[in-house]
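What follows is a short report on a single structure.
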Amino acid sequence: MNITGIKGMNDILPGEIATWQFLEQEAHRIFQTYGFTEIRVPVVEKTELFCRSIGETTDIVEKEMYTFSDKSGNSLTLRPEGTAPVMRSFIQQKLHAQDPVSKLYYMGPMFRYERPQKGRYRQFHQIGVEALGVDDPKIDAQILAMLCDYFNSVGIDDVELHINSLGCKECRPAYRQALIDYLQDRLGELCSDCQRRSQTNPLRVLDCKVPACQDATVTAPSMLEHLCGDCDDHFKQVKDYLQGLGIDYTVNARMVRGLDYYSKTTFEMVTGSLGSQNAVAAGGRYDGLIADLGGPALPGIGFAMGVERLVLMKSADQLAEQRLPLFLAAMGQQASDRAFLLMATLQRQGLRVEMEYSSKSLKAQMRRAGKFGARFVLILGEEELARQMVVLRDMDAGTQQELSLVGLEERLLELLNETEPEPVAG
Ligand code: HAM
């Protein structure tokens with residue numbers, strides 16, 4: 001019996017890796033430009049961390065966590081998201097003592113026991129950022145500007161920024177009660193999940209995909225009408241700064257988030273091209289979270305992007321394969337040994353070169369060069385080698401020239417540096 005991988009957990013294969021690396025490199029580049037530093041935290045944490053931060057009554061904690069006991073009987077969980085572990089580390093390592101403002105980013109696998117489908121997996125990857133210690137709305141706008149900058153730079157434009165405010169500890173309770181009262185009158189129209197949620201987590205009812213629940217909540221009260229003066233002012237300023245930065249957005253008062261720690265600004269980058277898994281990135285403020293987890297009373301805001309969804313959105317024509325600059329085709333043992341040494345020399349100089357290891361016909365070797373999309377093929381034939389010559393074929397122009405073995409490495413490096421840089425995914 002062949003052992004297969006786990007449902008919803010995917011291999012990322014060599015054919016796709018250029019896109020993944022491109023998306024990661026752009027994140028490193030752009031986030032660092034905005035003053036963020038990478039942080040790496042474990043993939044496993046104490047279960048309690050997620051229960052306390054994400055919320056006991058959320059789908060993630062109720063149904064989706066990979067939780068297990070270790071050999072000492074501790075309850076551990078594979079991280080379903082990155083914010084809680086980063087906050088745990090921030091508090092434990094007292095990062096706030098080093099700098100009152102921390103701007104952190106992370107990337108890596110997350111785990112949720114969801115029903116797998118296109119764009120939704122059980123092991124998936126997030127690239128996320130968290131800015132801690134600033135409550136000024138400038139940072140909200142800056143984070144959103146950075147998110148838009150990222151999407152522009154990776155060439156994904158089929159997205160829309162939706163923003164909302166979820167209020168704070170002062171104003172949300174009254175709104176929550178108003179929503180509970182509203183839902184109470186319509187219980188019969190709601191799905192069984194929402195009937196339960198209408199008491200435990202009423203805001204989630206607004207997010208239910210069941211058409212009957214959507215119909216029943218068309219006239220539901222809106223959080224935006226219940227914001228206290230402080231939250232209202234904060235949200236207005238965020239919108240003003242976004243306008244000042246020339247960032248388009250849509251206010252979506254029905255947007256609630258699936259995690260309980262949010263307050264004030266929340267947002268999602270949504271797309272029409274991924275079916276029901278339409279959020280490519282999502283996040284918001286979580287001003288009470290650090291204190292709730294036993295840390296100092298510092299505010300925070302951040303987002304995470306789903307990398308698999310980003311990859312799905314990069315259309316096939318954008319995924320330019322990395323072209324190989326040079327392929328060495330050798331005829332006969334002696335030529336093959338010479339090609340092997342040449343390949344090593346050029347690789348040491350930083351050039352990507354491939355050759356055929358075993359002896360194959362020239363036709364087979366040219367086929368392989370074609371598979372690599374080789375820009376040039378250097379043919380080392382016995383007859384030419386006897387004359388201290390090799391043949392360089394320009395695969396794009398369809399032309400070829402003879403080059404002398406003397407000074408060959410320098411000549412090749414010169415020539416390949418003159419030709420256009422190879423396109424990378426993007
Ligand atoms: P989230 O909305 O749960 O937020 O996830 C963020 C993004 O991760 C989603 O928009 C989606 O692109 C991706 N994602 C989530 N679940 C899956 C899945 N099962 N398969 C594939 N992709 C998925 C958070 O996780 C928050 N920690 C974001 C945040 C950071 N808020 C503040 N700071």
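Backbone N, Cα and C define each Cβ position, glycine as well.
Caution: TrEMBL annotation is automatic and unverified by curators.
Not measured: the values here are computed from a predicted model.
Taking the Cβ of T83 (L-histidine binding site) as reference, residues of its chain lying under 8 Å away and at least six apart in sequence are, in sequence order, S53, G128, E130, L259, Y261, Y286, L289, G302, A304. Sequence annotations record features per position, and here TrEMBL assigns L-histidine binding site to E81, G82, T83, R112, Q126, E130, R257, Y261, Y262.
Among the features that TrEMBL reports, domain 'Aminoacyl-transfer RNA synthetases class-II family profile' is placed at 1-325.
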Which number gives the other C-beta atoms within 10 angstroms of the C-beta of R257 (L-histidine binding site), all protein chains shown included? 21
What remains of the binding-site residues E81, T83, Y262 after requiring a CB under 6 angstroms from ligand 1 is E81, T83
Reduced DSSP assignment, R257 (L-histidine binding site): coil
